[in-house]
């Protein structure tokens, strides 16, 4: 901080000189230069005049000459959203001054996760920013920092300890966190997201240290816009929001579901290149029905049960409508709102209600569907035939199951030209009461009714398998070990290469393990799962299973929406994202039995998906960033956040 005590004349002359130099300087500055004046505790007239003069002069400087010099006709990511920190430009050598509201130097700079570089501060930077003595004398490279952190991470025997270490690093050195995650994505993805994030949410109250997003509870009803304005960043492009009622396959975790939005947005940055300052995790707290949490002294949410009944549902709808309206009012038309882990009865209603007025996306319904469809398209290279020639049987008819089923039907309809109603007849669903058939239609929830086909009632999954004889078995039930030996042997009895997808998360909820799928099918299954499984050896052959992880899709989809300035999400964008991901699977991957590409190349994959999604937005007339870039892949890559350190002045 700069302390000024009555030096009005000096301040006047200095600010005039700064204003003049800023007006005529052609240097590109990648962070806002804002100096805050502190008066003495006496708060006399002279000090108040100094503060007033500072505020007035800075206002004039901002209005007369922008601090960030942008090349003419250059449009930043987000359809014109200003990138004041230079995070979108993926180059390393970008000199900046690490100033925010006050001059970030010395001890405060080391406590600022956005600008802290730790031992990577150069000798020159240590002199310029008063870091001498605050750091050991050694200067290390960014890469050596990553090597050291990975060494430390591998010392932990418990995944939750690794998760906590990663969260601590994110709060200490943001760029090191993202470089660590990007460079070691296959090893660290299960740590920052599934399956470890599930345990983190269960214990979130005990491990909670610093807030990483906004908690909006019923206490804030009528004041949600005011709460949104408390978040320090103004240029938000992506919001991931949950109400915690259906966290993975773990059920109602209430306010502790915040781990999901935090984890998802970390992946938006690491895998999709959305800059961290443009991401906002939000948890809507309307109570929890989890008795264990309500009785937990460390629980961090409202200690009340979720409201039930029609009147209470209307109150919930009003609360969510206030939230959606406030988000649009505060952040604009083009902010992407991703719904995450809402219960079925709210998830479908929210998506249906706001898909025509907001840029909304439900990852459980649409993201899961898109990544599964990609795996099915690529698996046809191994089994032969077309998508329309397959027969599908689902265990689970919630938001994930019906979302996947609908996107499969849309893709079949697109390929064959047949009505989507006709395509649905190749897809069967089993819920907790058995096979969904036409005789049950009156008692079905509205999102299940399109899947009620003519067939005699069947209660057990194994009997449904034997009766329907599917070529593809998909689990989205959240019920672990439901693909029994008898079920998989039945699938293998009439399929040379049965496609078996056990999608439920976390690992404990998976319908079967990779080892069970390969062993019980005698090595013939084409298997993928929601949570990762290691290699399996059977009869002297090693089998590698793919992970149908939504992280393949949503980061690239979000980037595509942002770079095109899209105002709505269309089903065709999901289809093209699936097709693009499927095309990324190489012959080498197929030879190993994989139907998804490795995550090591995920940023390149995300750029390709973003380009295709953006192209579809332009084609559908939903894009607002004009003119359209000539090379959308190159443009997407140029807009992606780089975790490399900047050189400070």
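We number each residue from 1, going along the chain as drawn.
Just so it is clear, glycine is given a Cβ too, placed from its N, Cα and C backbone atoms.
These numbers come from a predicted model, not from an experiment.
Feature annotation from TrEMBL assigns active site, proton donor to 193. A 10 Å cutoff on Cβ-Cβ distances gives residue 193 (active site, proton donor) a total of 25 other Cβ atoms nearby, all chains included.
The active site, proton acceptor annotation in TrEMBL covers 264. Residues within less than 8 Å, Cβ to Cβ, of residue 264 (active site, proton acceptor) and separated from it by at least 6 positions along the same chain comprise 193, 240, 281, 338, 340, 363, 554.
Feature annotation from TrEMBL assigns (S)-malate binding site to 246, 505, 549.
According to TrEMBL, the divalent metal cation binding site annotation covers 340, 341, 364.
The feature domain 'Malic enzyme N-terminal' is assigned by TrEMBL to 170-355.
As annotated by TrEMBL, domain 'Malic enzyme NAD-binding' applies to 365-618.
For residue 505 ((S)-malate binding site) paired with residue 341 (divalent metal cation binding site), the C-alpha to C-alpha distance reads 12 Å. Surrounding the centroid of the Cβ atoms of 340, 341, 364, where the record places divalent metal cation, the chain contributes additional residues within 8 Å, namely 242, 246, 247, 260, 339, 342, 347, 362, 363. Its Cβ placed at the centre, residue 364 (divalent metal cation binding site) has 24 other Cβ atoms within 10 Å.
Residues within less than 8 Å, Cβ to Cβ, of residue 341 (divalent metal cation binding site) and separated from it by at least 6 positions along the same chain comprise 242, 243, 244, 245, 246, 247, 248, 257, 260, 364. Mean pLDDT for the domain 'Malic enzyme NAD-binding' (365-618) in this predicted model: 96.
Most buried of the binding-site residues 505, 549, judged by other Cβ atoms within 10 Å, is 549.
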